[in-house]
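Chemist: Sharing the features that TrEMBL gives for it:
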- 130-200: domain 'PAS' (DOMAIN)
- 202-253: domain 'PAC' (DOMAIN)
- 254-326: domain 'PAS' (DOMAIN)
- 329-381: domain 'PAC' (DOMAIN)
- 382-430: domain 'PAS' (DOMAIN)
- 507-577: domain 'PAS' (DOMAIN)
- 580-631: domain 'PAC' (DOMAIN)
- 649-867: domain 'Histidine kinase' (DOMAIN)
- 890-1005: domain 'Response regulatory' (DOMAIN)
- Asp940: 4-aspartylphosphate (MOD_RES)
Amino acid sequence: MKTQENIKSASGPYGIFDAMNVYVCITNGKKKIVHANSALCKRAGSELLPLKGKSVFWKAKIPRAGNAVKQKYDFKEIWSEQLNGWFNISISGFADHQTANGWIWTAIELTQPAKPESLQTLYKSDKTAHRDLYQTLFETSPSGILLLNEDGIIIDVNQSSCRSTNYTRDELIGSHVSVLALPESAGMVNHNIKKILNGQLLEHEVTSRRKDGSYYYSLLTESLVRLPGGERGILSVSNDITERKMAELALRESEQKFRNIANYTANWESLFNEKGKIVWTNPAAERFTGYTPEEIIAMPDVIEVLITEQDRESARRILEDGLREKTGKESVIRCRRKDGSCFWLSISWTQILDNNGNLIGIRTSGQNVSNRLEAVEALQRSENLYRQMIENAPIGMHFYELDGDGRLIFTRANPAADRILGLDNSRYIGMEIGKAFPNLKGTDIAEFYKNAAINNRAWIAEQLDYTDNKISGAFEVKAFQTAPGKMVATFSDITKRKKTEEALSESRRLFEALTRMAPVGIFRTDAEGKTTFVNPKWSALSGLSFDEALQDKYLAAIHPDDRNERMCEWKKAVKQKIPVISEYRFVRPNGSIIWVQGQAVPEVVDGQVKGFIGTITDITELIEIQHELIRAKEKAEASNRLKTTFMKNISHEIRTPLNGIFGFAQLIGSGEYTEKENQEFISFLDKSVTRLTKTIDNIMEISLLMSGNMVKNEGVFRFTDLLKEVYHHFKPVAQHKGIELNLVMNGSENASLVITDKVILKRILEEITDNAVKFTEKGEVKIKYTITENAINIEVTDTGIGISEEYLPLIFEPFMQENVYSTRIKNSTGLGLSIVQGSTVLLGGEIKVSSVKGTGTSINLTFPVRIPGKETQNESAKPETVSISGYRPAILIVEDEAINRLFIKKLLSKHDCRIFTASGGPEAIALVKGESKIDIILMDIKMPGMDGTEAVRQIRMYKPGIKIVAVTAYGSVQDREKCLEAGCDDYIAKPFHGKDLFSLLQSLINWPGPEE
């Protein structure tokens, strides 16, 4: 045969059997084992040698071998005691020169189908007997066997494969093996052929296709073999595992169902093996006994531990009966819990048998029946309670049932029915409903009652008005079935309640009318604090509609900064059921903000808090008044603090320069010193006067800043001109110290026109530049600036001594500079940087300081400004004063103090000018009227009688173009602004130096002499 030539023995005459995973056994005619393949030896747990000569593993009735050569017998579900398992076996007779006539036994275990392993390279046997043996094995094997060439073409096939696939042998031979695969697996078939041809053994489960297109599961074992011509081939052994796969799925599903049921059932489920040993129990066991399942399974004797002493013998008999009999009756025994308490257990059992009917164990199921008698007793009590509830119910009850004619018959009533209706209902027992209560005729009520009795459809009437010669009133009625064909109608008299509801409705309408007209917001909540009502005024105050205010949605109206505190306060009030009053802000949808006062009190009904009712009042105006008072108070306190600060520091700041003035004045007046020494004393005296003047000015300015009374006066000016003034003022000082003072100009001077307060800005720049020069001993001080459309940025840097990091936060505090720099510099008032800080804030600016000790300091100032239009720029350009040679200007000095008048006159008399004097406003006005050639007036502002501002006003009426300079002891920036507003062209503060006065005259009139 073709198959015989294709299959070669791997080792010895039976080597081919060792390559198969199905169990193969060769016996002689007496069924004694001659050979067992490796798979069978492994299953039997023995080597081959001890098995030889022993009886075959399976008992099957077959004829004597000599009479059945080449016959084939199949047996299903054969039990093997030696292998302890169930098998399907196939037996074929053969003739062999070694064993004479004998049998080939092939078996597949039912619980674990065989997995044929790959055949190794087979070798052809020259012996005809072996060839017959292999042919018999090939044809009778329960496994499907295919022989393929290296292209995957089937070249031989056994009958088992034909049966599995429904193809004939001729149909398969010459076909590609992929005809047996799913269409989508065709590519994988070719891939596997390549693996096998490379020497790889493949064992895998696949879904195969039959001729009719149906599918089945198979286990394939495929390996490389050599064909007779030496070419490579493939041996493919398959086993149909459809039943196993389906069984596995069913088994898993069954096991899962059992496990789920057992684990989650309320019963105490257990399994005992055939020896009566517990091997499993469900989680309910712990609820029953207090022991975990693990603790119970580990017990040597469950009965000894879990059963009470008096019931242990009964429990052992029950277990013995379970192991002996298939079914048993329910038994009740008393068990003991882990904590020592006892309970009654109703237990039933069922035997568990294997496929041969042999006992594997028993399954027990138990229920706690301790409460069974209590339940019976409770049922009796419940029935008694039911009767008592009917007899003592506050609502009336009428019981009806249908008779054989379908009529609704009144059967009984409870005492409450007699009380509510004011009659004895027992006299109506046995009557049809229409006779008992005649006014129900013509209504649908009787039909509703019947429907309830027949179809179990409840019927409810919230208000039933009934009147006859015995009964009159309004009733709330509920009808429902008590048993098929029976029903009860419960009712209560709601006549009084309806009147109360009408009164309540009237009260509610009155409440709503009052809330609509109320001048305050009104709201109500439930007991949990959820808003249930708001009146129109509340909506007007909050900006929320009625629906937007309900529940907790009203919180949207509360200002975010107030919301959390308000919620906490409200939760506390609701929890403690206490009144609450608070003030907070509403933010309306349009962005406007108002202050409100909300107050609420518990609404108590019958001693229970039903909710809260409260009001909302607009207190915005009151809050603003309070804030004004607070600001006034803070302002007063600031003033007091300023006074205290001044009292502590003014003595030192004023007495120090005064001491120099008094001291050097005494030295000069003594006449004991040379002219040169006196000149030096005069210079010291001048410095002390300058310091004293600056100290007084600084004190006045810081007072105004600290009290908030300083205001700014914006005007148009050329910022580069202001920078140049500051630069030229400090340039000589820097040169005297041997340092460089550099002004870095940026852009066109024509583009530097800005609108802001020039005086305050100049004061800031002077102070910053003064500090930079003062604290720089070598190197340079640099001033840079940039101007944008809405801001000026100024940077003043120096290479001075710098400031330690710990002192940086303190430099803007009043009187701190001297503390910071006391070891390095003298003659500092300690107020300059405080004035810079306050003035910068006043102008809306920002100041930043960075410094490294020993390296230098950088101060960056940013001020918001406005850029004027072209017309304003043209107006701001002042004509320059042209000096006329030989011209003698006329100057009027208006001063009530003779000493001051004399001092100014002496200063001016050194120059070629005409001088007029007046001691008061009226005299000055008369002189102006009489002297038409006065060029400029130096006007004292503070004078008795008519003060300087009034005199300026009247003079302007006569000579609008005359130049007037305010000369006053009020030296603040704000005082200067007031003077300019009064009509003065410029301002000079007392005391002043002659050169300052000459510089001012030079800028306003044709002044003949140079500045001094």
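Just so it is clear, glycine is given a Cβ too, placed from its N, Cα and C backbone atoms.
Those TrEMBL annotations? Automatic predictions, nothing curated.
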Chemist: Spell out yes or no: are there three or more C-beta pairs under 8 angstroms between the domain 'Histidine kinase' (649-867) and the domain 'Response regulatory' (890-1005), with each pair 6 or more apart in sequence?
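Modeler: Touching, yes - the domain 'Histidine kinase' (649-867) and the domain 'Response regulatory' (890-1005) meet the threshold of 3 or more Cβ pairs under 8 Å.
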Chemist: If one looks at the chain holding the residue listed as '4-aspartylphosphate', which residues at least 6 apart in sequence have a CB under 8 angstroms from its CB?
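Modeler: When sequence neighbours closer than 6 are ignored, the residue listed as '4-aspartylphosphate' has Val894, Glu895, Asp896, Glu897, Asn900, Gly948, Val967, Thr968 within Cβ distance under 8 Å.
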Chemist: Average the pLDDT scores across the domain 'PAS' (507-577) and report the rounded value.
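Modeler: Over the domain 'PAS' (507-577), the predicted model scores a mean pLDDT of 86.
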Chemist: For the domain 'PAS' (382-430), what does DSSP give as the number of helix, strand and coil residues?
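Modeler: Helix/strand/coil tally for the domain 'PAS' (382-430): 22 helix, 13 strand, 14 coil.
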Chemist: Tally the residues of the domain 'PAC' (580-631) by DSSP class, grouping H, G and I as helix, E and B as strand, and everything else as coil.
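Modeler: Output for the domain 'PAC' (580-631) reads 12 helix, 32 strand, 8 coil.
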Chemist: Sort the residues of the domain 'PAC' (329-381) into helix, strand and coil with DSSP and give the three counts.
Modeler: 10 helix, 28 strand, 15 coil
